[in-house]
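Participant: What TrEMBL lists as active site, nucleophile is B:87. Taken from TrEMBL, the feature active site covers B:196, B:198.
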(Lines of atoms letter the chains of each structure in order from A and count residues from 1; the text may use other names and numbers.)
(Lines give C-alpha, C1' and ligand atoms only; values in the text may rest on other atoms or scores of the structure.)
Protein backbone atom coordinates (compact mmCIF):
# COMPACT_ATOMS: atom_id res chain seq x y z
CA UNK A 1 0.00 0.00 0.00
CA UNK A 2 1.21 3.49 -0.73
CA UNK A 3 0.18 6.97 0.19
CA UNK A 4 -0.23 9.78 -2.27
CA UNK A 5 -0.31 13.30 -0.89
CA UNK A 6 -2.14 16.11 -2.65
CA UNK A 7 -1.38 19.61 -1.38
CA UNK A 8 -3.77 22.37 -2.37
CA UNK A 9 -2.93 26.06 -1.94
CA UNK A 10 -4.74 29.23 -2.93
CA UNK A 11 -3.06 30.82 -5.93
CA UNK A 12 -0.41 33.29 -4.77
CA UNK A 13 -2.29 36.35 -6.02
CA UNK A 14 -5.43 35.49 -4.03
CA UNK A 15 -5.88 37.03 -0.59
CA UNK A 16 -5.76 34.48 2.24
CA UNK A 17 -7.38 36.10 5.31
CA UNK A 18 -7.03 32.89 7.37
CA UNK A 19 -3.29 32.84 6.79
CA UNK A 20 -3.13 36.52 7.67
CA UNK A 21 -5.02 35.93 10.92
CA UNK A 22 -2.52 33.20 11.84
CA UNK A 23 0.39 35.44 10.94
CA UNK A 24 -0.95 38.29 13.07
CA UNK A 25 -1.29 35.98 16.08
CA UNK A 26 2.37 34.91 15.95
CA UNK A 27 3.99 37.89 17.73
CA UNK A 28 1.52 37.46 20.61
CA UNK A 29 2.74 33.89 20.97
CA UNK A 30 6.35 34.97 21.00
CA UNK A 31 7.14 33.93 17.42
CA UNK A 32 9.05 36.68 15.69
CA UNK A 33 10.42 36.87 12.19
CA UNK A 34 7.54 35.26 10.27
CA UNK A 35 6.59 37.74 7.58
CA UNK A 36 3.79 35.80 5.88
CA UNK A 37 1.59 32.74 6.42
CA UNK A 38 -0.59 31.04 3.84
CA UNK A 39 -2.93 28.24 4.78
CA UNK A 40 -3.72 25.32 2.50
CA UNK A 41 -5.17 21.83 2.48
CA UNK A 42 -3.44 18.48 2.50
CA UNK A 43 -5.13 15.28 1.32
CA UNK A 44 -3.61 11.87 2.10
CA UNK A 45 -4.88 9.21 -0.28
CA UNK A 46 -4.22 5.59 0.69
CA UNK A 47 -3.91 3.74 -2.61
CA UNK A 48 -4.66 0.04 -3.01
CA UNK A 49 -2.09 -1.61 -5.26
CA UNK A 50 0.94 -0.11 -6.92
CA UNK A 51 1.25 3.62 -7.47
CA UNK A 52 2.31 3.42 -11.08
CA UNK A 53 2.08 6.07 -13.75
CA UNK A 54 -1.53 5.22 -14.53
CA UNK A 55 -2.57 5.51 -10.89
CA UNK A 56 -0.78 8.82 -10.53
CA UNK A 57 -2.42 10.11 -13.69
CA UNK A 58 -5.83 9.22 -12.27
CA UNK A 59 -5.05 10.94 -8.99
CA UNK A 60 -3.84 13.96 -10.89
CA UNK A 61 -7.19 14.11 -12.72
CA UNK A 62 -9.00 13.76 -9.40
CA UNK A 63 -6.99 16.60 -7.88
CA UNK A 64 -7.54 18.82 -10.89
CA UNK A 65 -11.28 18.24 -11.17
CA UNK A 66 -12.31 17.87 -7.53
CA UNK A 67 -9.77 18.27 -4.73
CA UNK A 68 -8.66 21.63 -6.11
CA UNK A 69 -10.60 24.30 -7.94
CA UNK A 70 -7.92 25.36 -10.38
CA UNK A 71 -9.67 28.68 -10.97
CA UNK A 72 -8.51 29.75 -7.50
CA UNK A 73 -6.10 27.05 -6.30
CA UNK A 74 -2.88 25.30 -7.28
CA UNK A 75 -2.08 21.71 -6.34
CA UNK A 76 0.84 19.28 -6.19
CA UNK A 77 0.74 15.48 -6.17
CA UNK A 78 3.52 13.37 -4.63
CA UNK A 79 4.03 9.80 -3.48
CA UNK A 80 4.91 9.39 0.17
CA UNK A 81 6.83 6.29 1.22
CA UNK A 82 5.09 4.54 4.09
CA UNK A 83 7.63 2.72 6.26
CA UNK A 84 6.74 -0.94 6.92
CA UNK A 85 7.38 -0.54 10.64
CA UNK A 86 4.93 2.31 10.86
CA UNK A 87 2.03 0.21 9.64
CA UNK B 1 -50.55 28.67 -18.99
CA UNK B 2 -47.73 29.43 -16.65
CA UNK B 3 -44.09 28.53 -16.41
CA UNK B 4 -42.73 25.62 -14.37
CA UNK B 5 -39.59 26.53 -12.45
CA UNK B 6 -37.58 23.82 -10.72
CA UNK B 7 -35.91 24.28 -7.32
CA UNK B 8 -33.19 21.78 -6.47
CA UNK B 9 -32.93 20.43 -2.94
CA UNK B 10 -29.50 19.15 -1.92
CA UNK B 11 -28.71 17.73 1.51
CA UNK B 12 -28.04 20.96 3.42
CA UNK B 13 -30.16 23.26 1.25
CA UNK B 14 -31.94 25.83 3.40
CA UNK B 15 -33.92 28.11 1.14
CA UNK B 16 -35.70 25.67 -1.15
CA UNK B 17 -39.13 26.33 0.42
CA UNK B 18 -38.67 30.13 0.39
CA UNK B 19 -37.61 29.92 -3.25
CA UNK B 20 -40.64 27.83 -4.15
CA UNK B 21 -42.81 30.37 -2.38
CA UNK B 22 -41.21 33.28 -4.25
CA UNK B 23 -41.87 31.51 -7.54
CA UNK B 24 -45.50 31.02 -6.55
CA UNK B 25 -45.87 34.65 -5.45
CA UNK B 26 -44.59 35.72 -8.88
CA UNK B 27 -47.29 33.61 -10.52
CA UNK B 28 -45.25 30.65 -11.75
CA UNK B 29 -45.42 27.02 -10.69
CA UNK B 30 -42.57 25.75 -8.49
CA UNK B 31 -41.39 22.18 -9.08
CA UNK B 32 -39.30 20.40 -6.44
CA UNK B 33 -36.19 18.73 -7.87
CA UNK B 34 -34.00 16.26 -5.95
CA UNK B 35 -30.19 16.19 -6.02
CA UNK B 36 -30.02 12.45 -6.69
CA UNK B 37 -32.46 12.61 -9.59
CA UNK B 38 -31.12 13.39 -13.05
CA UNK B 39 -34.65 14.14 -14.22
CA UNK B 40 -35.54 17.84 -14.37
CA UNK B 41 -39.23 17.01 -14.86
CA UNK B 42 -39.34 19.15 -18.00
CA UNK B 43 -39.13 22.43 -16.11
CA UNK B 44 -38.65 25.67 -18.05
CA UNK B 45 -35.99 27.05 -15.70
CA UNK B 46 -34.06 26.01 -12.59
CA UNK B 47 -33.12 27.80 -9.37
CA UNK B 48 -30.22 26.55 -7.25
CA UNK B 49 -31.02 27.93 -3.83
CA UNK B 50 -29.07 28.91 -0.75
CA UNK B 51 -27.85 26.77 2.10
CA UNK B 52 -24.86 24.57 2.80
CA UNK B 53 -25.14 21.74 0.28
CA UNK B 54 -23.20 18.67 1.46
CA UNK B 55 -22.09 20.73 4.46
CA UNK B 56 -19.91 22.94 2.25
CA UNK B 57 -17.24 20.27 2.77
CA UNK B 58 -14.10 20.65 0.64
CA UNK B 59 -15.31 23.99 -0.82
CA UNK B 60 -18.76 25.55 -0.93
CA UNK B 61 -20.61 23.93 -3.84
CA UNK B 62 -17.75 21.57 -4.73
CA UNK B 63 -19.56 18.34 -3.95
CA UNK B 64 -23.01 19.49 -5.07
CA UNK B 65 -21.51 20.25 -8.46
CA UNK B 66 -20.97 16.50 -9.01
CA UNK B 67 -24.48 15.44 -7.97
CA UNK B 68 -26.67 13.60 -10.53
CA UNK B 69 -29.07 16.52 -10.94
CA UNK B 70 -26.20 18.84 -11.82
CA UNK B 71 -25.14 16.63 -14.75
CA UNK B 72 -28.44 17.50 -16.39
CA UNK B 73 -28.48 21.12 -15.22
CA UNK B 74 -24.98 21.69 -16.65
CA UNK B 75 -25.88 20.12 -20.02
CA UNK B 76 -29.15 22.01 -20.33
CA UNK B 77 -27.74 25.33 -19.10
CA UNK B 78 -25.18 25.12 -21.90
CA UNK B 79 -28.10 24.58 -24.28
CA UNK B 80 -29.91 27.68 -23.00
CA UNK B 81 -31.98 26.58 -19.99
CA UNK B 82 -32.35 29.59 -17.65
CA UNK B 83 -30.58 28.88 -14.35
CA UNK B 84 -30.41 31.18 -11.33
CA UNK B 85 -27.95 30.42 -8.52
CA UNK B 86 -28.53 32.20 -5.22
CA UNK B 87 -25.79 32.16 -2.57
CA UNK B 88 -24.81 28.47 -2.34
CA UNK B 89 -26.36 28.15 -5.81
CA UNK B 90 -23.93 30.80 -7.09
CA UNK B 91 -21.08 28.87 -5.50
CA UNK B 92 -22.26 25.69 -7.23
CA UNK B 93 -22.41 27.49 -10.59
CA UNK B 94 -18.79 28.67 -10.27
CA UNK B 95 -17.66 25.21 -9.16
CA UNK B 96 -19.48 23.78 -12.20
CA UNK B 97 -17.69 26.37 -14.39
CA UNK B 98 -21.02 27.59 -15.73
CA UNK B 99 -19.90 30.97 -14.39
CA UNK B 100 -16.27 32.16 -14.28
CA UNK B 101 -14.27 32.88 -11.13
CA UNK B 102 -14.69 31.35 -7.70
CA UNK B 103 -16.06 32.00 -4.23
CA UNK B 104 -13.97 32.14 -1.06
CA UNK B 105 -14.48 32.94 2.63
CA UNK B 106 -15.46 36.50 3.53
CA UNK B 107 -12.34 38.61 3.96
CA UNK B 108 -13.32 39.41 7.57
CA UNK B 109 -13.67 35.66 8.33
CA UNK B 110 -17.16 36.04 9.86
CA UNK B 111 -20.61 34.98 8.81
CA UNK B 112 -22.56 38.07 7.75
CA UNK B 113 -26.31 38.67 7.70
CA UNK B 114 -27.68 42.07 6.73
CA UNK B 115 -29.96 43.99 4.41
CA UNK B 116 -27.73 44.78 1.49
CA UNK B 117 -27.97 47.50 -1.11
CA UNK B 118 -27.17 46.39 -4.65
CA UNK B 119 -27.14 48.02 -8.04
CA UNK B 120 -28.60 46.07 -10.93
CA UNK B 121 -25.94 46.58 -13.60
CA UNK B 122 -27.39 44.35 -16.28
CA UNK B 123 -31.16 44.33 -16.86
CA UNK B 124 -30.96 42.21 -20.00
CA UNK B 125 -30.44 38.73 -18.50
CA UNK B 126 -33.22 36.14 -18.35
CA UNK B 127 -33.63 36.93 -14.64
CA UNK B 128 -33.38 40.75 -14.58
CA UNK B 129 -35.55 42.25 -17.35
CA UNK B 130 -38.11 43.57 -14.84
CA UNK B 131 -35.40 45.84 -13.40
CA UNK B 132 -33.97 49.00 -14.90
CA UNK B 133 -30.23 49.06 -15.48
CA UNK B 134 -28.74 51.13 -12.66
CA UNK B 135 -31.67 50.49 -10.31
CA UNK B 136 -30.72 50.15 -6.64
CA UNK B 137 -32.41 47.44 -4.60
CA UNK B 138 -32.29 46.18 -1.00
CA UNK B 139 -32.30 42.44 -0.41
CA UNK B 140 -30.98 40.23 2.40
CA UNK B 141 -27.45 38.87 2.35
CA UNK B 142 -26.33 35.98 4.57
CA UNK B 143 -23.21 33.98 3.97
CA UNK B 144 -19.81 32.78 5.05
CA UNK B 145 -18.18 32.31 1.65
CA UNK B 146 -19.27 35.36 -0.30
CA UNK B 147 -15.97 36.71 -1.59
CA UNK B 148 -16.01 36.65 -5.39
CA UNK B 149 -12.54 36.24 -6.91
CA UNK B 150 -11.28 35.87 -10.46
CA UNK B 151 -8.05 36.60 -12.28
CA UNK B 152 -7.60 40.06 -13.77
CA UNK B 153 -8.28 38.89 -17.32
CA UNK B 154 -11.62 37.41 -16.30
CA UNK B 155 -12.56 40.55 -14.36
CA UNK B 156 -11.68 42.75 -17.32
CA UNK B 157 -13.73 40.53 -19.61
CA UNK B 158 -16.75 40.57 -17.28
CA UNK B 159 -16.60 44.35 -16.98
CA UNK B 160 -16.11 44.93 -20.71
CA UNK B 161 -19.00 42.64 -21.64
CA UNK B 162 -21.42 44.02 -19.04
CA UNK B 163 -21.52 40.66 -17.30
CA UNK B 164 -21.26 42.05 -13.78
CA UNK B 165 -25.00 41.80 -13.19
CA UNK B 166 -25.10 43.12 -9.61
CA UNK B 167 -22.72 45.24 -7.59
CA UNK B 168 -22.63 46.00 -3.86
CA UNK B 169 -23.37 49.66 -3.13
CA UNK B 170 -22.01 51.70 -0.17
CA UNK B 171 -20.54 48.65 1.57
CA UNK B 172 -18.65 45.63 0.29
CA UNK B 173 -19.69 42.92 2.76
CA UNK B 174 -17.12 40.26 1.94
CA UNK B 175 -14.15 41.60 -0.01
CA UNK B 176 -15.51 40.62 -3.43
CA UNK B 177 -13.32 41.98 -6.22
CA UNK B 178 -14.80 45.01 -8.01
CA UNK B 179 -17.70 44.91 -5.47
CA UNK B 180 -19.21 42.08 -7.51
CA UNK B 181 -22.41 40.68 -6.01
CA UNK B 182 -23.49 38.66 -9.04
CA UNK B 183 -22.57 37.83 -12.62
CA UNK B 184 -24.10 36.38 -15.76
CA UNK B 185 -22.79 34.07 -18.45
CA UNK B 186 -22.33 35.36 -21.98
CA UNK B 187 -25.78 34.25 -23.14
CA UNK B 188 -27.58 35.77 -20.13
CA UNK B 189 -29.42 32.56 -19.23
CA UNK B 190 -27.16 31.62 -16.28
CA UNK B 191 -27.05 34.17 -13.45
CA UNK B 192 -25.55 33.85 -9.98
CA UNK B 193 -25.52 36.19 -7.00
CA UNK B 194 -24.79 36.01 -3.28
CA UNK B 195 -27.72 38.04 -1.84
CA UNK B 196 -31.16 36.47 -1.57
CA UNK B 197 -33.98 37.88 -3.74
CA UNK B 198 -36.29 35.04 -2.64
CA UNK B 199 -36.33 36.51 0.90
CA UNK B 200 -37.63 39.86 -0.37
CA UNK B 201 -40.81 39.14 -2.28
CA UNK B 202 -43.43 40.16 0.28
CA UNK B 203 -43.61 43.46 2.19
CA UNK B 204 -44.37 41.72 5.50
CA UNK B 205 -40.96 40.09 5.85
CA UNK B 206 -37.36 40.53 4.80
CA UNK B 207 -36.36 44.09 4.03
CA UNK B 208 -39.98 45.23 4.12
CA UNK B 209 -39.83 45.73 0.38
CA UNK B 210 -40.41 43.45 -2.55
CA UNK B 211 -37.16 44.24 -4.32
CA UNK B 212 -36.40 40.58 -5.00
CA UNK B 213 -39.65 39.77 -6.76
CA UNK B 214 -38.61 41.03 -10.22
CA UNK B 215 -36.14 38.12 -10.50
CA UNK B 216 -39.09 35.77 -10.60
CA UNK B 217 -41.45 37.94 -12.65
CA UNK B 218 -38.65 38.52 -15.18
CA UNK B 219 -38.18 34.83 -15.85
CA UNK B 220 -41.93 34.19 -15.86
CA UNK B 221 -42.49 36.85 -18.55
CA UNK B 222 -39.63 35.53 -20.61
CA UNK B 223 -40.92 31.96 -20.46
CA UNK B 224 -44.59 32.77 -21.04
CA UNK B 225 -43.85 35.13 -23.94
CA UNK B 226 -41.38 32.70 -25.48
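The backbone N, Cα and C atoms fix where each Cβ goes, glycine too.
Because TrEMBL annotations are produced automatically, they should be read as predictions rather than curated entries.
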Participant: What number of additional C-beta atoms lies within 10 angstroms of the C-beta atom of residue B:198 (active site)?
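Facilitator: A count of 29.
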Participant: Among all the protein chains here, how many other CB atoms are within 10 A of the CB of residue B:196 (active site)?
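Facilitator: There are 23 such Cβ atoms around residue B:196 (active site).
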Participant: Where the residue listed as 'active site, nucleophile' and residue B:198 (active site) are concerned, what is their Cα separation in Å, rounded?
Facilitator: 11
Participant: Please classify the secondary structure at residue B:198 (active site) using three-state DSSP.
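Facilitator: In three-state terms, residue B:198 (active site) counts as helix.
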